[in-house]
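Chemist: Please read through the structure below; I'll follow up with questions.
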Amino acid sequence: LSSQKKFDEIKKANQAAAKKLVEDQFSSSSEDDDEDAEIKQGKILAKTFTIYTSQTDGDASELERTRQYMSEAFQSGAMTCLICIASVKRNQAVWSCCGCFCIFHLVCIQKWAKDSLFLVSSPLTDDDFGKKDYPWPCPKCRFEYKRSETPSRYYCYCGKVENPTLDPWLVPHSCGQICERDFKPPCGHKCLLLCHPGPCPPCPKMVTTTCHCKKAKPVPRRCSAKEWSCRLPCGRTLLCGQHTCENSCHAGDCQPCPRVSKQRCVCGRQTAERLCASPQWQCDQVCGKPLPCGNHTCEQVCHAGPCGDCPRSGKRFCPCEKSSKLRFFIFYFFVCLNKQKSHSEVEKQCRCGKHTKRMPCHKPYLCETKCTRTRDCQKHQCKRKCCPGNCPPCDQVCGRTLGCRNHKCPSGCHRGSCNPCPETVDVKCNCGRTVIKVPCGRERTIKPPKCKQLCSRPPTCHHSTQEKHYCHFGQCPPCRQSCQKALACGHLCPVPCHDEALVKQTGVHQSAGPWEQPSEPAFIRTALPCPPCQVPIPVECLGQHEVSPLPCHSAIPYSCKRICGRLLDCQNHTCMKECHHVTKLNSSADGNKAGPECSQCEEECTKPRPSGCPHRCVLPCHPGDCPSCLQMLKIKCHCKLSVLYIECLKLTCADVEEKELLISCKNQCPKELPCGHRCKEVCHSGSCPLNCSQKVKLRCLCKRLKKEIQCSKIQEGQVSLDCDALCKEMKRKASEIKEAEAKAAIEEEKRRQQ
């Protein structure tokens, strides 16, 4: 049991390690193979844009901004969390800002929101802690979110699916469904793309809309560009009420009227030529109308409407704000003068509340005591003189090293995490012509950009120029050009260049003992000799059966492994040896004739015998015709009753009639005809004739009449014997007797049953 338990534990651990390894290798966008990633990216983008392009008749020109965001989702290292400066992997929970569409780790943005809310709502900076719903900003675009909008769950881009499953054929963190988010600005339609990062493209729907001035007929246009101008004069009445807008059809309000007309001032005393756009103007004359108090006149410059109350009436205060409220200004002024000495100096408390001092009532009192409270950064003291407790934010520079490890925080001293480094770093290819900008700190982990410039390094093999390939780091790829060195046979070496082939170096290091771990095999670059020439050369086999192309280095006569097949002297059989060399005794002899190296025929004569001869030829295998057969044949006659002895030569040379006579025994044929009589012919071959001449008796149907007729005529149906009138009368009487008997039997049965 303990062994089984240990085995199960080890099995689970191995399975978990293998699963984690697969996820790590598959998750990061920076770990994908470049070629496979490009193929996948093209297919996924095409699949994502399918519905949009079908609705817009294949027009994807308005998708460039969205396409850029989706391309960055696949680009190696492009998806970077600006909070932790780390790659965003495919299998990690993320959150996307709705303002700048930047992608962050869900855990990072939750911590960012928590720290931001704590920093803003700290009691050291605000007395209303817990009473206000303070917002928190996006780390990149500073778009503000409410406390209730802090993300707590992982959703896809369109927000439909929680915890979307990882699919290699979908955009990372996408659910694969149609987006269906409302377009911005809202138009009543929804996005038609598959769930995607970044902003939704402009609305592709077709709507019927009219121009800005509503004069032209409605025309079908894209919903995203439904606002259009007919270029006709606007014609709307301007604010002056006298003229109409002469500009071409436009959106929004009309511009101010550019014409000049005579306009009265606000008080109506003067008239001047002014722009229609500004009919309200004031002249420089004082109003002068009597006020309601009856003692004073209005001192305001040209104005509209009533003049209002007298400014010298009503309740007022003395400058020190300690005199009682008086009704009239003159009385109030003298009373204030009489009391000025009594309150010119008062006991005042400083702003921080620690000291008191007699001071003029109109001067503030600030002590020299420096505040010892810690500012909102929780690091530095306030040190402001006579601080009332509302210490200002720390004005020192933070100076902490940012997550990029390259720069220091330039913000004011603060609590919590510093903002992401705002700097960007150029990552260049090997030749320096292709540059991409990445967030500062990512230059150590990002892959260099793919450069489309050709590599300019000189070749390291014997070729004058190297194959064209793009800029790269490290050594150039092995030369794949044809070697083209001259071989000993005169041909050129066609194999790829082998001046710098990788060869495993074996036997260099010998282990000191079994305890020493074997080292990995070392590979060295060395020039290999050219391989044997493989140019095909036509070569004939030894027996001259075929011509096959053989490699140049092994182009010699060979045996094709076929049967020789040359005709032997017997002229009946061929040589059965395997393909071999044959010496021609005569230059003019047939090339298909056997030579001295061929085999000798030892077979019997197998030539076909005459038809009907069952005997073999008495000679061995020979050329020409066989001699005549002189043996006797023992055969039976046609009727199989007699045995005859005939010479084989006579029988095989005879024609059909002669054979018929030779095999006949000359006796009557014993065979029986179909009618039952014996054949009258002499012993013959084949079937007996059917015209039987035997006399037989023929009767009518009632068997009363009879007649002798030849048998063959009856078989052929040529003769028949019909009944006469007497036969029919006798048949009728017999039928009546039978019917009477049957009727009597029925009557008897009825009586018996009754």
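Keep in mind that glycine also has a Cβ here, set from the backbone N, Cα and C atoms.
Note that this is a predicted model, so its numbers are computed, not measured.
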Chemist: Can you identify, from 183-212, 543-572, 723-752, the stretch that TrEMBL calls coiled coil?
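Modeler: Of 183-212, 543-572, 723-752, TrEMBL gives coiled coil for 723-752.
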Chemist: Do any residues of this chain, six or more beyond the ends of the domain 'NF-X1-type' (404-423), have a C-beta under 8 angstroms from a C-beta of it, and if so which?
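Modeler: Beyond its ends, the domain 'NF-X1-type' (404-423) has Cβ neighbours at 82-83, 85, 111-112, 115-116, 118-119, 122, 139-140, 375-380, 393-398, 439-442.
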Chemist: Which sequence-distant residues neighbour the domain 'NF-X1-type' (461-481)? Criterion: at least 6 residues beyond either end, Cβ under 8 Å.
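Modeler: Residues packing against the domain 'NF-X1-type' (461-481) from afar: 429-431, 433-434, 448, 450-455, 496-497, 499-501.
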Chemist: Looking at the domain 'NF-X1-type' (240-259) alone, can you tell me the average pLDDT?
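Modeler: Summarising the domain 'NF-X1-type' (240-259) by its mean pLDDT gives 85.
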Chemist: Using a Cβ cut-off under 8 Å, which residues of the same chain at least 6 positions beyond either end of the coiled coil (723-752) come close to it?
Modeler: 700-702, 704-705
Chemist: When you scan the chain for residues with a C-beta under 8 Å from the domain 'NF-X1-type' (240-259), skipping those not six or more beyond its ends, what do you find?
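Modeler: Distant Cβ neighbours of the domain 'NF-X1-type' (240-259) are 211-213, 215-216, 227, 229-234, 275-279.
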Chemist: By a Cβ-Cβ criterion of under 8 Å, what residues six or more beyond either terminus of the domain 'NF-X1-type' (675-694) are in contact with it?
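Modeler: Residues 637-639, 641-642, 660, 663-669, 710-712, 714-715.
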Chemist: DSSP says what for the domain 'NF-X1-type' (293-312): how many helix, strand, coil residues?
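Modeler: Summed over the domain 'NF-X1-type' (293-312), the classes give 0 helix, 2 strand, 18 coil.
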